[in-house]
Amino acid sequence: MDVGDFVKIKMENTMYCGTLMPSINEDTIVVKMKSGYNVGLKKTKIKSIEILKPENSSNFQPLTSSNNEFKPLNLEKNPNLKNISILSTGGTVASRVDYKTGAVHPAFTANDLIRAVPELLDIANIKGRAILNILSENMLPKYWVMTAEAIKEEIENGAEGIVITHGTDTMHYTAAALSFMVESEVPIILVGAQRSSDRPSSDAALNIISAVMAATEPIKGVYVVMHGEIDDTICNLHEGVKVRKLHSSRRDAFKSVNNTPVAKINPFTKEITYLREIKPQNSSKIKKVSINKKLEEKIALIKVYPGIDSEILKFYVDKGYKAIVLEGTGLGHTPETFFSGIDYANKNNVLVLMSTQTINGRVNMNIYSNGRELQSLGVLPCEDILSEVLFVKIMHLLGNYDLKDAKKLICKNRVGEINESINLKY
């Protein structure tokens, strides 16, 4: 019995059929079920094992160093389609099973995505490029810079749209960073998946198809494309600075905050319905792109909670941090016991910015005395900027301006991160 055999395993009260997988535990047999999920079975509880020939089977082979090479893609350009570059950074959308551990790890290059989703070739001329291969929780500011540099290079080489595959956990941080760092006339679309490609419930293919569709549109700016509903119906196009992951596992985890999505994308009919005004591109400047790579990394993001110790702020100040973003309660408040830490930061020229942990809504520190006193201590209320976006924005500002100018610019709407008014519906 070898890895890759299709087997029927009888236990005392049940039976399992599936593909035999490698196991790192000598006492356990691992089987990949038809559902796409793995099950581990203790050998001592197995009554019998029978090798079967699966329906429509081909000889299964796990990826190894000797068989994971593919022949180069031979793609002919269609002059009627736009040229789209897919840049892979890793994550669930670009993952497959690790047959050593049974876990899912990043493994696909961008070209592998084309092989997995051949429908892309009916939408655009695709160029694939892997720039990173990381889980998104390992994303670093220096990787934002690498991504921005890759975007610039692709646009200068003729890309008319960019798709970036990215893990979902920190995708909204990267979307915000690229929004501030990259100035371009082409759409830059980030896309991820909540369920990996080996699972029947995977959202990867529909999300990628929808992302490439969006990348062919005559719009500019940075966006996120993900499932718009739990079912495989539509995907939503979100502004990169007004979107957040709001569920740990649902396929429609990403939502626009304080506004509607920019558009709904139907990957089946290939229709895009815009829900509000877009940022039209200037096609005569399609190859013009500039990036600003300067970021101040000594920025902290702190969630306010009952009993929070002001020593936390003093710690960051003493460690040389340049700015601190607070996720305040409600309209932008902190406990009074936190005031001494804020005062300490202000006296040491450390900028303290206020967002709200409610996510939806706007900071307003003029209503209650707590907010007014915080302002007197130097805290700047930052409208309806999402805390993660505010964190990235001040990194960008302090990387390019002194403290005085950064204070003036923090509440200036630069790339759509501030809504002048909020529809009560959202």
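Positions of Cβ are set from backbone N, Cα and C atoms, glycine also.
Per Swiss-Prot, the features are as follows:
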type	residues	note
ACT_SITE	Thr92	active site
ACT_SITE	Thr168	active site
ACT_SITE	Asp169	active site
ACT_SITE	Lys245	active site
DOMAIN	82-413	domain 'Asparaginase/glutaminase'
PLDDT averaged over every residue in the domain 'Asparaginase/glutaminase' (82-413): 93
Per-residue Cβ crowding (10 Å cut-off), top of active-site residues Thr168, Lys245: Thr168
Three-state secondary structure, which DSSP defines for Lys245 (active site): strand
